[in-house]
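What follows is one structure encoded as structure tokens, with my remarks underneath.
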Amino acid sequence: MSSVKRTPKQEIVTQFHCSAAEGDIAKLTGILSHSPSLLNETSENGWTALMYAARNGHPEIVQFLLEKGCDRSIVNKSRQTALDIAVFWGYKHIANLLATAKGGKKPWFLTNEVEECENYFSKTLLDRKSEKRNNSDWLLAKESHPATVFILFSNLNPLVTLGGNKESFQQPEVRLCQLNYTDIKDYLAQPEKITLIFLGVELEIKDKLFNYAGEVPREEEDGLVAWFALGIDPIAAEEFKQRHENCYFLHPPMPALLQLKEKEAGVVAQARSVLAWYSRYKFCPTCGNATKIEEGGYKRVCLKEDCPSLNGVHNTSYPRVDPVVIMQVIHPDGTKCLLGRQKRFPPGMFTCLAGFIEPGETIEDAVRREVEEESGVKVGHVQYVACQPWPMPSSLMIGCLALAVSTEIKVDKNEIEDAHWFTREQVLDVLTKGKQQAFFVPPSRAIAHQLIKHWIRINPNL
């Protein structure tokens, strides 16, 4: 700081800047309370109080000035912002405070590219062929086609049989029981007792269609193998199991559904979500009257002639999807992540924080709100990574990275049981050694696991 005689204004600016440079929060607060216009004042070299705090490594001063609304975009005579200064001098925590405040720049350690990935439950064997849902004649013909595949459900649990392989997560692999018309024709004869959903057609044309050339009229053969989900009641399900001892209904949903082959899991995710909607909305949500099923199981139509739901398009008439944000919260210095646990979790399991998006809320704001509600940690920059259908019963998990701008954890016991910052080394040990460690994370087929791995992969030298 120069010792040249200054004007009264220059003197107070100098004192303000000195208090920021020295980390004197009490003095800084006092000066600013009397002279709030000093917040963005610059010295002769173009430096602001924020720059001095960033240069000397005072995160509490930086946080205070940011909360007061100081301008982070000001550049000094060397064309540096406060963020540039913090990065140059190696103050990672401060650099991220400056970069991750809402509306700020992307944190310096995040990559610009996020590779698109397919998570478990998102792969499928089928083309949904939604244009066929209104073609009742086509659907009826496919129901009795000998090549058509039916997958059976009871209480939302799919009928499966054990497969012969094991995968890396050490769970026995199970496969869907793919039934044909002969297996289930008695159920189709009692439509009032079943739920039938058209799922789509196989993506690959199979030679087996040619085996039925004599059984199907030539004009009805289009080369498409249709799949349907068939929901039956528990009594019928028990009778079916007794006749097919090598099959069983997969239960409980978690973690049992994670044992399916990946493409079959995508089919189950679709079927289970629609069947869950069907079981929960048997009556019109608008007027309470009975409904009928149309569009291959994808629409409920009210039977009351003057019901408002019959005028226009209403989301109450179609299967619902519940958007959920799930986020890997990263410490401001980039070297730790925030994981939490709920009481219902297995002992020792920690995972990413998550929560439902509220009406009128963006993905980014939902991330910030949920993290603060559950852990007390404030979040700035949010970056989308990937999503995953989650049929429990019909959620869409929207996976994000979330950069914390505060570090103190204040757990809301009504939301979660516990939360901690975990170092990169701790998380790496868990991913490589599993449950041998003091804690563990969800299995690889859950998006939480993939978000954690994604964080580990970015800037591995941090």
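Note that Cβ sites are derived from N, Cα and C of the backbone, with glycine treated the same way.
Per Swiss-Prot, the candidate among Glu408, Glu415, Glu417 that belongs to the Mg(2+) 3 site alongside Glu370, Glu374 is Glu415.
Between the candidates Ala354, Ala386, Ala404, Ala438, Swiss-Prot assigns the Mg(2+) 1 site shared with Glu374, Glu415 to Ala354. Checking Swiss-Prot for motif 'Nudix box' across the ranges 113-134, 355-376 points to 355-376. Cβ crowding, taken as the number of other Cβ atoms within 10 Å, peaks at Lys185 among the modified residues Lys185, Lys292.
Spacing of Cys307 (Zn(2+) binding site) relative to Lys185 (N6-succinyllysine) is 35 Å (Cα to Cα, whole number). Considering only the binding-site residues Glu370, Glu374, Glu415, the Cβ with the fewest other Cβ atoms within 10 Å is that of Glu415. According to its DSSP assignment, Lys292 (N6-succinyllysine) is in a strand.
Within 10 Å of Cys287 (Zn(2+) binding site), judged by CA to CA distance, lies none of the recorded positions Lys185, Glu370, Glu374, Glu415.
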